[in-house]
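As recorded in Swiss-Prot, the features of this protein are as follows:
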- C45-C100: disulfide bond (DISULFID)
- 25-114: domain 'Ig-like C1-type' (DOMAIN)
- 1-20: signal peptide (SIGNAL)
Amino acid sequence: MARSVVVALLVLLSLSGLEAIQHAPKIQVYSRHPAENGKPNFLNCYVSGFHPSDIEVDLLKNGKKIEKVEHSDLSFSKDWSFYLLYYTEFTPNEKDEYACRVSHVTFSTPKTVKWDRTM
């Protein structure tokens, strides 16, 4: 009985220690298909490798937040870091700029990554 209590306490202590570990998210912005002006596509922002799980992700068009955005469920990897995919339908053209802005405890200010249409 005493041994199982000690084991349970060790498990709880190790789990509480996970919250202290912080990892900055990796941000990847890409389109589902190669960009063609005037042709509908999907803009994706894949955010991975972050811890803790609290995160704010916005897709931007010309610096303004896009309202109609969907995202995957929060998931975690084998190393207990988290990942998410945010996406929206869009139609690229020559004049509009698209980006993904991420706020996380590991950043002193939000980080913005622009979509490179050549990637």
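Counting starts with 1 at the first residue shown.
A Cβ is built for glycine as well, from the same backbone N, Cα and C atoms used for every other residue.
Remember, it's a predicted structure, so these values are computed and weren't measured experimentally.
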On the DSSP side of things, how many residues of the domain 'Ig-like C1-type' (25-114) fall into helix, strand and coil, could you say?
0 helix, 50 strand, 40 coil
List, in sequence order, the same-chain residues at least six positions removed whose CB sits under 8 Å from that of C100 (disulfide bond)?
I27, V29, C45, V47, V57, D58, L59, L60, Y86, T112, V113, W115
On the 0 to 100 pLDDT scale, where does the domain 'Ig-like C1-type' (25-114) sit on average?
96
